[in-house]
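Here the structure comes first, spelled out in structure tokens, and everything after it is commentary.
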């Protein structure tokens with residue numbers, strides 16, 4: 001096991017109980033022994049669900065099943081079952097069979113229709129999911145459902161994560177509290193043979209399904225879709241959000257709720273980067289004044305995914321020439337003489353060359369920080385984008401190459 | 001200095017003298033001391049020139065100057081001046097000034113018009129090129145031009161290359177020999193702070209400028225454009241080809257010549273991959289039966305550039321799930337159940353799952369080789385592509401992160 005990431009938050013947050021949502025975990029032994037590897041979340045009748053999923057063309061049977069179910073309006077409640085250790089991806093027709101078997105067993109155990117059971121699997125690709133080990137634990141799981149067990153769930157869904165990830169927020173609407181609590185796993189887009197970023201967020205707010213979905217999709221584009229550890233996209237990425245309505249507070253069109261949810265999602269997204277495989281630097285890349293929003297994102301991802309930029313960060317080498325290179329190769333519009341580059345407040349390059357005021361020693365001192373901001377102004381338009389990433393270190397190679405799966 | 005790549009060819013080829021082309025090298029001390037770092041190639045009157053260049057939006061002043069000059073029809077001969085140690089990229093207006101100063105000095109020394117002088121610079125980005133050190137050596141260089149000095153030129157253009165790169169071919173047309181000889185540098189798209197892949201090819205064949213350009217562009221698309229070490233594109237990539245006509249043999253529409261030139265370009269392209277930073281595996285990725293040629297190339301590059309595929313290769317881990325992931329994330333069309341994956345002759349996965357005949361031990365044995373073929377059949381159409389790459393090792397991190405520039 002790699003040690004806890006040096007970029008991990010100081011402590012795990014105190015998660016509130018979300019009315020209408022209960023959780024349980026179990027040791028099913030899917031792949032790991034002697035640790036919890038399955039979680040069950042039960043959402044009360046009246047809960048609405050929203051989700052976003054990987055766009056991989058080889059996505060897992062679980063993702064395809066969730067996508068088919070997520071848009072249904074239902075007042076019957078819902079269940080979420082997640083296992084770690086095996087991703088059930090690229091397992092042919094057997095993969096669909098495993099998802100069906102789990103959903104039917106949960107339906108039988110809980111009385112929910114199978115169409116309201118959502119599943120995720122994370123771990124090795126291409127190996128048959130021993131789903132009977134999961135279904136064998138359903139009675140135990142439903143017997144110990146508890147609103148206070150969300151922190152346990154954050155641990156049960158870990159694969160090679162070095163710390164459990166959670167975030168929470170609370171707002172008041174007309175004097176009534178509305179709570180949000182979310183958990184995530186992910187350590188790079190993928191870990192040694194184990195895939196996936198998974199995110200589950202719960203609120204007791206009351207909101208329509210279509211509105212919740214629109215809000216989650218929009219906020220996802222500003223948070224989870226703008227993080228990258230190694231540019232490799234999992235076959236299983238899943239974000240599910242449930243609003244139970246237990247607070248009785250309607251949050252449709254409530255800007256404060258949107259902002260609170262954004263904060264929770266951003267916090268979880270950052271925690272995934274902070275647990276990036278081998279990461280020693282947390283890096284924010286801002287691209288401003290690109291010709292378009294799309295161009296800004298293309299430049300930002302080109303910088304964030306460049307192995308040479310990432311190794312320069314690892315080496316604490318303020319090698320801004322590599323940032324010029326990454327902008328140049330991205331395919332989006334750029335003009336050497338309009339470009340400027342800053343590290344935080346430190347202006348590094350402008351007007352097609354190194355800035356007159358820049359001193360290499362200042363750049364080197366800045367790069368010793370564990371949190372680094374790279375700001376690139378393209379100088380061509382109004383497109384802005386922010387992307388978060390980490391450095392590329394010997395630790396990444398060690399985790400992904402040195403140990404046989 | 002890293003040791004000679006384990007994938008290097010056994011020996012440097014015997015390069016023929018190309019009539020009409022002469023070469024010289026010198027120690028100008030641009031950045032390196034005590035080793036040659038400048039080459040001059042002089043092409044006799046009647047030579048035609050063709051070239052392909054990086055598409056980077058932040059390409060160097062030299063590349064922009066070559067692009068402006070390359071399409072001119074001229075019978076006045078030509079000169080090529082290349083320095084290592086400084087790329088003259090992102091050096092503002094001073095970069096253009098340096099190129100102009102070199103071209104004018106060469107013109108004065110040789111009697112060529114400045115419009116027939118082509119320059120390349122490779123090395124650190126963003127530092128002013130001390131072009132006076134180069135022009136100070138022009139008299140020495142022109143005084144020792146020699147048709148037999150091409151092997152020396154292959155050494156002079158090296159930056160962090162671990163071996164000099166050259167390839168040659170000879171054909172006969174109506175009993176008359178036609179010769180091709182080329183040199184290249186490159187060790188990853190970029191080396192610690194030093195950029196660039198540079199390629200210079202010479203032939204004594206007689207051919208029109210437009211035909212030569214068309215041939216070089218087409219063959220470049222099948223060779224240098226299909227190699228990747230780290231997905232990072234240099235600001236200085238340049239391929240220049242000169243046909244002196246000294247053989248008196250017209251090779252327009254000669255398929256045998258095209259094939260011979262293809263062989264030389266492919267050989268040089270492979271040598272650049274074999275000197276990829278930290279490389280221990282030479283990897284060929286074939287993608288067959290994609291929906292289109294473009295889709296095939298997208299899939300092949302997605303596999304070849306995936307850090308997780310590259311670290312699996314480094315770890316000799318036949319982790320085919322990562323190949324499924326890379327196909328899935330590429331954005332090109334794919335269907336889980338139509339896909340098949342082979343390692344050389346070994347069928348690994350088909351029909352959406354691991355192949356029945358596949359044994360992990362066979363995959364593991366195959367991955368111990370230093371030359372590996374990954375063959376992916378998408379099963380959707382007639383698009384084919386082949387891409388060459390290397391693995392991602394601790395050596396890459398060491399070269400690019402551990403040493404400060």
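Glycine is no exception: its Cβ is also placed from the backbone N, Cα and C atoms.
Database features, via TrEMBL:
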- A:196: active site, nucleophile (ACT_SITE)
- A:159, A:185, A:196, A:277, A:400, A:405: substrate binding site (BINDING)
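It is A:400 that, of the binding-site residues A:159, A:400, has its Cβ surrounded by the most other Cβ atoms within 10 Å.
Of all Cβ atoms in the protein chains displayed, 29 besides its own lie within 10 Å of the Cβ of residue A:277 (substrate binding site).
DSSP assigns residue A:400 (substrate binding site) to a helix in the three-state reduction.
Secondary structure at residue A:185 (substrate binding site), as computed by DSSP, is strand.
Taking 8 Å as the upper bound (exclusive) on CB-CB distance to chain B, the binding-site residues A:159, A:185, A:277, A:400 give A:400 in sequence order. Over all protein chains present, the Cβ of residue A:185 (substrate binding site) has 29 other Cβ atoms lying within 10 Å.
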